[in-house]
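Annotated Fe(3+) binding site per TrEMBL: B:Cys104, B:Cys107, B:Ser108, B:Cys109, in sequence order. Per TrEMBL, domain 'Nitrile hydratase alpha/Thiocyanate hydrolase gamma' is recorded for B:10-194.
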Amino acid sequence: MPDRFVPGDPVRAGTCDPTGHTRLPRYVRGAVGQVAEVAGHHPLADDRARGLPGTVQAVYHVRFAAVDLFGAGDHTVTVELWEDYLEPTTDHQDKEAP
Amino acid sequence: MSGDHSSAAIAERVRHVEALLEERGLLDDGEIDRRIDEFLAGGSPANGARITAHAWVDADFRERLLADANAAIRELGLSMAGGLQEQRLKVVANTASEHHVVVCTLCSCYPIALLGPSPAWYKSEAYRSRVVRDPRGVLREFGLELPADTRITVWDASAESRYMVVPRRPEGTEGMSEAELAGLVTRKGLIGTAAV
Amino acid sequence: MSRINDVGGMIGFPDIVEEPDEPAFHADWEAHVLALNAALIRRGVYNLDEFRDAIERMPPASYLSASYYEKWFTAITTLLAEKGVATPEELAGA
């Protein structure tokens, strides 16, 4: 399956709150960031933590502006997120691109 | 700490579980000691320092390192393949306008092959919780005051990649050999909590 | 909301403490715990993500009061019991 996103794409981190293991930190949930780079393809950790083989999918470096995560701060945070955690968005960030 | 009561109690429990697993054929004789020796011999900040010094003196290598770190470090005889499978390495370089710092907010992911065992502060909730929110404040606590116009990028090692920072080459080091330059680089510099 | 390991952005933890000349391990048993975990993962008793999951399932108060390798040892014994390698009683030496 081809990667769903390419560098430069705006993406929104999922808002799901799984009860099990996940690598979607809560501080990015629901926030809009930008794909910086494809960081390889790996089975979803959420599945592997339940003893399942996990579907292999793209993992991305996604860059968020701190102000979109915490309401303050002039830095950026790059988080590594599996494709399943991300959805496309048309939200324009009116701030400077991070 | 190692001599107190709770430590003695847990040491006893660990020995018991080891013995049980040996009995059930899940541990070989001497395997624990062999694995400890391998771990301690497996990585050290000297590896990260070598990579950094080479990137300082060889601009082409620096470029290759930032584009494909796994391939570039093989040129120096280093590898991220010591574990169960080769880990993807992402190397980022500090510049006059941008400073990078690495954390693993969910657990303690760290490039052991290049930096050795991680320090306790890196694994602490204090560091993991705050550096994503207030990196400038955290760096100040480490004694690193960055100019107000330096952009800070925090890297959260939340998935499969491991990260290393190439610090900026200090001024006044033009005459130094690569080995001397490597001697300037610290573990904290390679994580991003020190200038070098 | 989330497990206790997911601390990114949280407020209220103490100052960051650096330990000068910190050793790789603070006691022999810590090294043994690290090696034990590596051996069990290599043998396929459990995988690394199941191990992370077992750490994260610790009750929050225990997670926050345990040292790094105490968390590891808790996760190892949890998984050994769940995978049927040994009963909790056997693991506790009872």
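Cβ atoms here come from the backbone N, Cα and C positions, even for glycine.
Note that the coordinates shown come from a computational prediction; the quantities given were computed from them, not determined experimentally.
Annotated features, which come from TrEMBL, shown on the structure.
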| residue | record | Cβ contacts under 8 Å, 6 or more apart |
| --- | --- | --- |
| B:Cys104 | Fe(3+) binding site | B:Tyr110, B:Tyr122, B:Arg128, B:Asp156, B:Ala157, B:Ser158 |
| B:Cys107 | Fe(3+) binding site | none |
| B:Ser108 | Fe(3+) binding site | B:Ser118, B:Tyr122, B:Lys123 |
| B:Cys109 | Fe(3+) binding site | B:Ala157, B:Ser158, B:Arg162 |
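Close to the recorded Fe(3+) site, the chain also has B:Leu106, B:Tyr110, B:Lys123, B:Ala157: residues not among B:Cys104, B:Cys107, B:Ser108, B:Cys109 whose Cβ is within 8 Å of the site's Cβ mean position. Taking 8 Å as the upper bound (exclusive) on CB-CB distance to chain C, the binding-site residues B:Cys104, B:Cys107, B:Cys109 give B:Cys107 in sequence order.
Mean model confidence for the domain 'Nitrile hydratase alpha/Thiocyanate hydrolase gamma' (B:10-194) is a pLDDT of 96. Reduced to three states, the DSSP call for B:Cys107 (Fe(3+) binding site) is coil.
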